[in-house]
Amino acid sequence: MDRCHGSVQTAMQRNEGRLTLEQILRYGADIARGVAELHAAGVVCMNIKPSNLLLDETGHAVVSDYGLPAILKKPDCRKARKECESAKIHSCMDCTMLSPNYTAPEAWEPVKKSLHLFWDDAIGISSESDAWSFGCTLVEMCTGSIPWAGLSSEEIYQSVVKAKRQPPQYASVVGVGIPRELWKMIGDCLQFKASKRPTFHSMLAIFLRHLQEIPRSPPASPDNDLPISPVINGIGPSPSAELEVPLANPNLLHRLVSEGNVNGVRELLAKTASGHGQNLLHSVLEAQNSDGQTALHLACRRGSVELVEAILECKEANVDVLDKDGDPPLVFALAAGSPECVRALIKRNANVRSRLREGLGPSVAHVCAYHGQPDCMRELLLAGADPNAVDDEGESVLHRSVAKKYTDCAIVILENGGCKSMSILNSKHLTPLHLCIMTWNVAVVRRWVELASKEDIADAIDIQSPVGTALCMAAALKKDHEPGRSWVLLSSFCWSRSRAQDTQHAQTALHTAAMANDVELVRIILETGVDVNIRNVQNTIPLHVALARGAKSCVGLLLSAGANCNMQDDDGDNAFHIAADTAKMIRENLEWILIMLRYPNAAVDVRNHRLVSDN
């Protein structure tokens, strides 16, 4: 095997997790061709995923590790059927050590289905299983998100095998500049019933068909380049001869755009307007290809501002024309990541506040956030796009950027009026601030604190998530994650109401840190000015919870910071009551009682509110 230089996964990582449409098509064609040849030889890959798709020195995608899970198969598997005479005829998820995020339903459990692999009469895995894995891989290539990300192996099993679901990330492929035929093909790969999945030969044909509309560029896979009309210095041959019969070739403009022939586009449109009138010009401009896209859609998909401007020079060009899926050209320019194309469309008054799915779906700003394009986002927001728009799933534009970990894009949203979005709850009852804390995105929170008003900050800090307020979430981060300190430091100094607390657990951040015996977090919170004797809803102070949990280090810090040993909670208990009551299990509390007795006016004679039996 020739030396390879990286993989599809590393190519995605170099581009912030994303691939261009051209890369998806070229790599896809390479992979489909290679797997089809392996299947013809009777070999099932079993392990198709981005890290196993290598790139050779010419940019080809090469399938690797095919059949390796079979070679490394465990000799004994707990799921092997008793009636099997040999472990050789059994194959399942556990014994083949497959990657759960890319594994087909039938590969999770033994299924009575035979296929020659590297051993005879393998059960469970087939060539159709590779189609599922390829579908999951394509989802990741299109979205930058690992299928089933965030779920455990058991949770993936329940979703794939029991609930018969597709990866939730697949929904993000639809309607964001990916050709309709391509996302339908991906959906077919993810059919639960293996027999309904497409063959790799049929998928290769789809990739090659769409590559015909992609111009030659520094190719990801040179062998997939298709012959196109010669272009010299970006200027192709004049279409004068074809202009004589424009009605006979309504897709001529599409072809010129696909070739990158800027002068040809201008010449065709000029001659059509002068020789045939506006009606024909409208027909040429609004003609759709097999995917229902106009020439302007294709120009935006290429990210070529020269082509976009050449088309928009015609005042008859509809800048908001919709394709078959209801997407305007602006969506394609955003998917291509071309701020120049976005700017050209906006100059012609493109609707930057439009929504997909007949006005009921995400806004174009959501599409931009999904692709993580900060420069494009800035153009949209400066032109009047709503930075706080909410889609049909309750997600704000900021939700999308933070969830995809596009920090630069999220900061642009905040800098252009999006600070209020930090208080928006999505359908999962999470705000962008909650998501920032869950992903340790300190940079976004820091910029938000710098830009937002005290009122907006106070409102966002107090909002409950399923796991508590933002501040309590920050305080509860694991001690070995250094960003946790930054969260508390940032949140505490901007926390305009120091008495805010997690109503679900009745704790403030200081209570939470004390319960966790995280002395450094307690110190940070106290240094920001939070009252050491702050009460929760039961009138318990942090010293009380530290004593009850045996948080020795925090007890000492709280006492040295001025914690009041005599303060009573709703049950009438003070620090002496709690220490004495727990001393049977926490022997250190006897020492704390002796230390607290040295404090002036120690209230050791005060009674609590509990009744004591005479017995």
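Glycine is no exception: its Cβ is also placed from the backbone N, Cα and C atoms.
In TrEMBL, annotation is done automatically, which means it is predicted and not curated.
What TrEMBL says about this one:
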- 1-208: domain 'Protein kinase' (DOMAIN)
- 291-324: repeat 'ANK' (REPEAT)
- 325-357: repeat 'ANK' (REPEAT)
- 360-392: repeat 'ANK' (REPEAT)
- 505-537: repeat 'ANK' (REPEAT)
- 538-570: repeat 'ANK' (REPEAT)
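Per-class residue totals from DSSP over the repeat 'ANK' (360-392), listed helix then strand then coil: 17 helix, 2 strand, 14 coil. In the repeat 'ANK' (505-537), helix, strand and coil residues by DSSP number 16 helix, 1 strand, 16 coil.
Summarising model confidence by region, the repeat 'ANK' (360-392) averages a pLDDT of 93. DSSP assignment over the repeat 'ANK' (325-357) gives 19 helix, 1 strand, 13 coil. Helix, strand and coil counts from DSSP across the repeat 'ANK' (291-324) read 16 helix, 0 strand, 18 coil. Residue counts for the repeat 'ANK' (538-570) under DSSP, helix first, then strand, then coil, are 17 helix, 0 strand, 16 coil.
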